[in-house]
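Peer 1: My questions all concern the structure below.
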Amino acid sequence: MAPLLVPLKCGFHMQRRKLSLLLQRSSAVQAWTFHDHRAANKRKERNTYLLSDPSRESSTWANNRGQNSQQILEAVKHLHLQERQCWHGNAGGGLSADPKNVLKEVNSSKILGAMFTYVWPKDRPDLRARVVISLSLLAGAKITNVMVPFMFKYAVDSLNQMSGHMLNLSDAPNTVVTMATAVLIGYGVSRTGSALFNELRNAVFGKVAQSSIRRIAKNVFLHLHNLDLGFHLSRQTGALSKAIDRGTRGISFVLSALVFNLGPTLFEMMLVSGILYYKCGGHFALVTLGTLSAYTAFTVAVTQWRTQFRIEMNKADNEAGNAAIDSLLNYETVKYFNNEKYEAERYDGFLKVYESSSLKTTSTLAMLNFGQSAIFSVGLTAIMVLASKGIMSGTMTVGDLVMVNGLLFQLSLPLNFLGTVYRETRQALIDMNTLFTLLSVDTKIKEKEMAPPLIVTPQEATIRFEDVYFEYLEGQKVLNGVSFEVPAGKKVAIVGGSGSGKSTIVRLLFRFYEPQQGNIYIAGQNIRDVGLESLRKAVGVVPQDAVLFHNTIFYNLMYGNINATAEDVYRVARLAGIHDAILKMPHKYDTQVGERGLKLSGGEKQRVAIARAILKNPPILLYDEATSSLDSVTEENILTSMKEMVKDRTSVFIAHRLSTIVDADEIIVLNQGKVAERGNHQTLLDTPGSLYANLWNTQNSRILSNGSKPEPVPERVSQKEEERKKLQEEIMNSVKGCGNCSC
């Protein structure tokens, strides 16, 4: 099939990763993408929009007749790009962006069963005692609450007993008045007692609920850290965070609903039905149960029907928000192609859908409220008619009528919220589904049972790759039978073109991934056979993009060894050549580095990364293009720090700039996933037609064409670009909801 060309002039950019996912989903669609600058490569997947809705597409098409707009719409129509992935498992979304890795959902019964283990933990007898006390207080509150209508009944009967069918206080004896007064006081005590039991129940059960939420959230957090790197690379971190947040809030709501609403209401319904059956007869209980059943069935059915309108409303709201934010963030692009009218009409299309769905939501809510009132009124009227007949026949008193009326009206209050509670409980279970589905995900990188720790010293820290094959996607080999050895205490560099597998070697060595074939050894021990913690403790990494925590410089330095002393931190800062720069900062080591370290320059961030790697003090050090984004002056200073650091250590340098690894003991050149050349710098240069010599000459010719020295990369400009991308990401993440469910 002829490929669909998406030209650059249309202003439409798409990630390569997004393209690969599209090609996996539909083999009939092929696309070529162009990238105008580095920021375009890193745009979020949700910056593309689904415009396949015929009604929305036709309205937009009619109002925009510019050729550029039509090209964009035509491209989107054929590609069927999705705006975002829903994290609610029962709402048409999924936890995985990869269709080959769709996670199995956890049904509601398993969710409630798993939640019960946290509410009734075997190792916490204090929490179990609180649950028992809470249930006892619940029963006490409902029994006391049911006593209130009885107090009314006795008061009315006492005041009415001397006057027949007419209530006449002037003729009532003092004893009757005294008894009625006592009964009315009992009524007040009953109401007060019911409120007291309810509040005590809330106070006692609060610790159980919060402890359950904390333990579940902690377990999910630890589980996510134990999952393999492939899982995290295929997910949006913001979506994971929202999934955990929604799931924990869902747990809180379900516990509250079960303990404070659904459970008490069900108990009170059974209690009232039993009382009416015992005091008034089976027909009273039958009418009551029939009314409550019809009320519940109507509420559940209408609420389920209304949910679709709520979903449509939220989806349109999210789409309108995303469209507005994306349009404003791309203000210049809109101006370049005169598409202001197109953007406005597109935005208005989403608002029209929102308006229509909102009206449906409001009107169906009115219908729900009316239906509930009608059902309850019919049932209450039937009960009152039966009670009146009983009074006329002499089998019931006026007090019985008051009691029956009071019992039913007490039930009406929690029943009024049944629709809301049902809808929110249903949504909470969906949110919890996502949370517990995350817990059910199994990592691909598993540690063997009773695996011994890796035993390695700097003198024995050899690294050996033995016929290693690896592929991220089936059929696309990244490493194709790679074998090499790094002697202990030596510096070995790995170079090659983009996609040759350089960074993959670092990930395999750290066991972020497993090779499909072959073995990797450290100090003669297969890394598959040793404990993960000991393996990763023995290897230090200085990444290309040093990401720092939003905390102080001291915290980020100490992160290399959280048990280190302050003097140790200062020592490694001096070794990395950043100590003096820190002392010049306003708050010195207490200076906040900002989100991802954006308040520091690129060189400062790399020095912090080097310092904390020194503080870790591992026998093996890996440098993954640690200076590729820095200017030559900063790079030279950092390389000097690295030389001091790698003395007597086994070190592997993944390099893009060959000038940084000329002093390596051995250089390994990768080409198409294989070891193409090996040797030191001079040996490889002296080899006629070698890949290394070609790379060296190419890089030198670029430097010479730009002058005697390579032009420095303006760090502050790069920093501003990072800040801009960060701001854009935060704005996009601020759009709440997934649009595929009633969140």
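For all residues, glycine too, the Cβ spot is worked out from N, Cα and C.
It should be emphasised that the depicted structure is a prediction, and the values quoted were computed from it without experimental measurement.
Below are the features I grabbed from Swiss-Prot:
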- Arg306, Thr307, Gln308, Phe309, Arg310, Asn369, Phe370, Gly371, Gln372, Gly419: glutathione binding site (BINDING)
- 131-427: domain 'ABC transmembrane type-1' (DOMAIN)
- 20-131: topological domain 'Mitochondrial matrix' (TOPO_DOM)
- 190-250: topological domain 'Mitochondrial matrix' (TOPO_DOM)
- 303-364: topological domain 'Mitochondrial matrix' (TOPO_DOM)
- 422-743: topological domain 'Mitochondrial matrix' (TOPO_DOM)
- 132-152: transmembrane segment (TRANSMEM)
- 169-189: transmembrane segment (TRANSMEM)
- 251-271: transmembrane segment (TRANSMEM)
- 282-302: transmembrane segment (TRANSMEM)
- 365-385: transmembrane segment (TRANSMEM)
- 401-421: transmembrane segment (TRANSMEM)
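Map these features onto the structure and tell me what's around them.
Peer 2: Every protein chain shown contributes to the tally, and the Cβ of Gln308 (glutathione binding site) ends up with 14 other Cβ atoms within 10 Å.
Mean pLDDT, taken over the topological domain 'Mitochondrial matrix' (20-131), works out to 46 on the 0 to 100 scale.
If one looks beyond the transmembrane segment (251-271) by at least 6 residues along the same chain, the residues whose Cβ comes under 8 Å of a Cβ in the stretch are 112, 115, 119, 134, 138-139, 141-143, 145-146, 201-202, 205, 208-209, 212-213, 216, 292, 410-411, 414-415, 417-418, 421, 424-425, 428-429, 432, 435.
For the transmembrane segment (282-302), same-chain residues at least 6 beyond its ends with a Cβ under 8 Å from one of its own Cβ atoms are 269, 272-274, 276, 364, 367-368, 371-372, 375-376, 378-380, 382-383, 386-387, 404, 408, 411, 415, 418-419, 422.
If one looks beyond the transmembrane segment (365-385) by at least 6 residues along the same chain, the residues whose Cβ comes under 8 Å of a Cβ in the stretch are 284, 287-288, 290-292, 294-295, 298-299, 302-303, 306, 401, 404-405, 408-409, 412, 415-416, 419.
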Peer 1: Which bits of the chain, at least 6 residues beyond where the transmembrane segment (132-152) starts or stops, bring a Cβ under 8 A of a Cβ in it?
Peer 2: 183-184, 186-187, 190-191, 193-194, 197-198, 200-201, 204-205, 208, 259, 263-264, 267-268, 271-272, 275, 399, 402-407, 410
Peer 1: When you measure from the Cβ of Arg310 (glutathione binding site), how many other Cβ atoms are you left with inside 10 Å?
Peer 2: 21
Peer 1: Have a look around Arg306 (glutathione binding site) and count the other CB atoms within 10 A of its CB, chains all included.
Peer 2: 20
Peer 1: Below 8 Å Cβ to Cβ and six or more residues apart, same chain only. Which residues does that give for Gln372 (glutathione binding site)?
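Peer 2: Tyr295, Phe298, Thr299, Leu415, Asn416, Gly419 - these are the non-local Cβ neighbours of Gln372 (glutathione binding site), listed in sequence order.
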Peer 1: On the DSSP side of things, how many residues of the topological domain 'Mitochondrial matrix' (190-250) fall into helix, strand and coil, could you say?
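Peer 2: The composition, in the requested order, is 56 helix, 0 strand, 5 coil.
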Peer 1: So, by DSSP, how many helix, strand and coil residues make up the topological domain 'Mitochondrial matrix' (303-364)?
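Peer 2: Grouping H, G, I as helix and E, B as strand yields 58 helix, 0 strand, 4 coil.
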Peer 1: Hey, what's the widest CA-to-CA gap across Arg306, Thr307, Gln308, Phe309, Arg310, Asn369, Phe370, Gly371, Gln372, Gly419, the glutathione contacts in the record, in Å?
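Peer 2: Result: 20 Å between the two most distant Cα atoms.
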